[in-house]
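All remarks here apply to the structure that follows.
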Amino acid sequence: MDQAPAKEVTIENKRSCSGEDCANDAGNLQCPTCQKIGKESFFCGQDCFKRNWSTHKTLHKAQNSMLSNLNLTRPKVISEPDADGHFNPFPSYPFTGPLRPNYPLSQRREVPERIRKPDYASHGIPKSEQAFVGRRTIKVLNKEEQEGMRKVCRLAREVLDIAAREAKPGVTTDHIDKVVHDACTERDSYPSPLNYCHFPKSVCTSPNEVICHGIPDQRILQDGDILNIDVTLYHGGFHGDLNETYYIGASASQNPDNVRVVEAARDCLSESIKLVKPGALFRDYGNTIEKVAKSRQCGIVKTYCGHGINQLFHCAPNVPHYAKNKAVGEAKPGMCFTIEPMITLGSYKDKTWPDDWTSVTVDGSRTAQFEHTLLVTEDGVEILTARLADSPGGKVEMPGEVVANGQANGTS
């Protein structure tokens, strides 16, 4: 989320500064987003506001989600349910493409008591990520912690592959959510997205023009769709995160635009991973990603970035996917982080649906993403979420291309 400048208001009584690390009295500066949602949060100055923005902004999504759960922000216009009881909760919203949400959402899925849970599982707020002390420090994992990351990432790969085998025409994204949830709990793992900042489901499913954070619902997958499935597990105190974009049905991989954006995203990730080694700068991966994307006439989403991952779902470092970014830091052995470029056929700009999660392209163009969790080693990198020999999906050639023997290539 972009940072907005704080607005000046007049106050009479002294208030404490809302900065996590600040003991000063508040001045006349209030967060503009908090004003919009009816929440008071004053800061002692712009520097304090900027310094605390990354943690403060998580309260906005939590507040919006809590208000939604209380039915205090219901849309002014609602659509009539169809014969199956399904409806679009935001019929007056100016959608950028043909995709529409298909509600009602299924009930929140339960996680057995025996399974270890992250701190946000019950109340939705990742307090461990908001701690100010050491927040910008990039953690170096010891050998035992590295083994913990290897295990959870292997489990995450298993779960993604199970979900991908279910992604076919006629299946709802809610069904995929159930498959992921059950596969996680069968492995004594918590599905990390569930209730993270009040996200309502156990996996993110992002079809067609959805860039990321798509909420599984009653929409039925169609032949010709592309679908990103983003899986994260929490097991043994560690998170493992990965995603891939899949072709839905036989016609999807015969569509040149589908193949262009999906394979561009796949190649952007694989080429950037080749750079990962001790001493590599986090700002440099974006240069390679942008070069690959532009060579396919594709755009690169700038709003979202890769992130550190370990005992925390999201932490330092930030890993932007575009060129000439200002990311600080360099890779060191023992660090874990993700690279997850989001590539578009059209504009790189994004827009968020009224559900506060679903991010779509502003022009409705299709988009694809791939992600791996990476461990920096002494001489390079270990892809902790690497594909297995029998993982579904995989690279597809552009329809109609001619291969070395002179015959037209099909698709797999």
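First residue shown is number 1, and so on along the chain.
Including glycine, each Cβ sits where the backbone N, Cα and C put it.
Since this is a predicted model, take the numbers as computed values, not measurements.
TrEMBL lists 14-67 with the feature domain 'C6H2-type'. Residues or ranges marked as protein binding site by TrEMBL: His213, His314. Among the features that TrEMBL reports, Zn(2+) 3 binding site is placed at Asp230, Asp241, Glu371. Annotated Zn(2+) 4 binding site per TrEMBL: Asp241, His307, Glu340, Glu371, in sequence order.
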### Summary
Counting other CB atoms within 10 Å of each candidate's CB, the least crowded of the binding-site residues Asp230, Asp241 is Asp230
### Message
Around the Zn(2+) 4 site formed by Asp241, His307, Glu340, Glu371, list the extra residues of the same chain whose Cβ is within 8 Å of the site's Cβ centroid.
### Response
Asp230, Leu242, Asn243, Gly306, Ile309, Thr338, Ile339, His372, Thr373
### Task
Round to the nearest Å and give the CA-to-CA distance linking Asp230 (Zn(2+) 3 binding site) with His314 (protein binding site).
14
### Message
As a test of reading the model: what is the averaged pLDDT for the domain 'C6H2-type' (14-67)?
### Response
70
### Message
Using a 10 Å cut-off between Cα atoms, which of these binding-site residues sit near His314 (protein binding site): His307, Glu340, Glu371?
### Response
His307
### Query
Among the binding-site residues His213, His307, Glu340, which ones place their C-alpha within 10 angstroms of the C-alpha of Glu371 (Zn(2+) 3 binding site)?
Glu340
### Task
Take the C-alpha atoms of Glu340 (Zn(2+) 4 binding site) and Asp241 (Zn(2+) 3 binding site) and report the distance between them in angstrom, rounded.
10
### Query
With the Zn(2+) 3 site defined by Asp230, Asp241, Glu371, which remaining residues of that chain have Cβ atoms positioned within 8 Å of the Cβ centroid?
Cys204, Val231, Thr232, Leu242, Asn243, Thr338, Glu340, Thr373
### Task
Would you count the other C-beta atoms found within 10 angstroms of the C-beta of His307 (Zn(2+) 4 binding site) for me?
19
